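According to TrEMBL:
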COMPBIAS  1-18  compositional bias 'Polar residues'
COMPBIAS  51-63  compositional bias 'Polar residues'
DOMAIN    230-362  domain 'Peptidase S54 rhomboid'
REGION    1-92  region 'Disordered'
TRANSMEM  126-146  transmembrane segment
TRANSMEM  229-249  transmembrane segment
TRANSMEM  261-280  transmembrane segment
TRANSMEM  292-311  transmembrane segment
TRANSMEM  323-339  transmembrane segment
TRANSMEM  345-365  transmembrane segment
TRANSMEM  377-398  transmembrane segment
Amino acid sequence: MTSSVPLQTYNQHRSPSEYTDDLDSSPARKSTLSYAEEAYDPYTDTPGKSWGNTTFAESATDSDVTHKPSLSYASKELDEPTDFPSTRGAPMNDKRPLLARWFDPGRYPLQQRIEDKRRGIGRQRYPVVVWALTIIMVAVFIYELVVNAKAQGSPISFHPSVNPMLGPSGSALIRVGARFPPCMKTVPSVPVTLQMPCLNDTANPPDRLCTIEDLCGHGGFHGKEPDQWFITPIFLHAGFIHIALNMLAQLTAAAEIEREMGSGGFFILYFAAGIFGNVLGGNFSLVGVPSVGASGAIFGTLAVTWVDLFAHWKILDRPARRFFWMLVELIIGIAIGYIPYVDNFAHIGGFVMGLFVGTTFYPIISTTKRHRLITWGFRLAAIPIAIILYVLLIRNFYTSDPYAACSGCRYLSCLPTSANNHCKGTGITTVSGVNTTSGSAI
């Protein structure tokens, strides 16, 4: 290890101009300049000590150096006291309870929080909830294929109709718990005694008939009121194409949101958005069409990126450009919802609920008191609005005719054509006197 040359002694024998000339011209001196010396003036901690001709690595191991300059991203100030190092582990070392971290997400300097935000450093390193949900959904999809294989001899439905998503039949999806209103409540236009093709029927036209109660999952409801609910469809997928697209979005975009929010807030966001998407679809989509998929939950995580954008407009780089591309992505996502067999209500409902829940739980950096007050104003308003929406739509689903509340809402997920009876009816068609569903929505 080379010893440092005290600046005080050096300057006593040489004028500033001589020192500068020597510093600029000496190759030996240049070779010992560290990154810190190039960016800052030489720093002395104690009399007679300097970072003068010592490299950065050597200085880091010098036992005599007890205090080193720290770098702040925005202010470039030296020696700013910090509670956390400027690494990904900074916010993750906070051991406070979840509620305490929610009310006060940053116990380290504001500029450090802004730096972490720009670098994509969140509250935790690993998206454990996303990983767990992905494993569960893949396992459930395998179970769907097994159910269809036992009933029809093939994991993928080819008879009497081909599943365009390369997955189980609509009857198999109903059996394993798809969102199918006749299995959830009494639907006068689709009574439980209505006969449809059985799960194991592969003939065209169908020659094996079962009642809707026989098709419903969880062993039916044994003459009682239908009792399936809105949560199981989140874990189901219509085929290989469907689950591949959803898991790709979940393991990338949704995983990043979990890292930023933390697992607690992300868990609430994911299921609040996913369930609400099914609630909205249960109210206004065709009652005779089963629906499955985690699209509503994933659109809920997409909504959080909008909360992030508007809350941190002055912090993020190129916010206008980001807004443009996010708007394009949202338009494409909504447009996909109009493709046959795709449930746009899950997309819209998940996105709307994601805005409210994301506003409540997403960690927002406030640089001014005014910004902090506005943020908490939105948070306090988002909570009751989310609860009111849930209560109104669940009540509307179970106690009245959903279409009566909003007859035009069906067009949010349906382009009227002669093939779908102009978005009217139940979605159940009759083939040679036998009732069949028109497919499954995803």
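Glycine is no exception: its Cβ is also placed from the backbone N, Cα and C atoms.
Between the transmembrane segment (377-398) and the stretches 126-146, 229-249, 261-280, 323-339, 345-365, it is 345-365 that has the most C-beta pairs under 8 angstroms. Only sequence-distant pairs (6 or more apart) were considered; of these, at least three Cβ pairs between the transmembrane segment (345-365) and the transmembrane segment (261-280) are under 8 A, so the stretches are in contact. Per-stretch counts of Cβ pairs under 8 Å to the transmembrane segment (292-311) identify 261-280 as the leading one among 229-249, 261-280, 323-339. Here the domain 'Peptidase S54 rhomboid' (230-362) has, by DSSP, the following mix of helix, strand and coil residues: 101 helix, 1 strand, 31 coil. Counting Cβ pairs under 8 Å to the transmembrane segment (261-280), the top-ranked stretch among 126-146, 229-249, 323-339 is 229-249.
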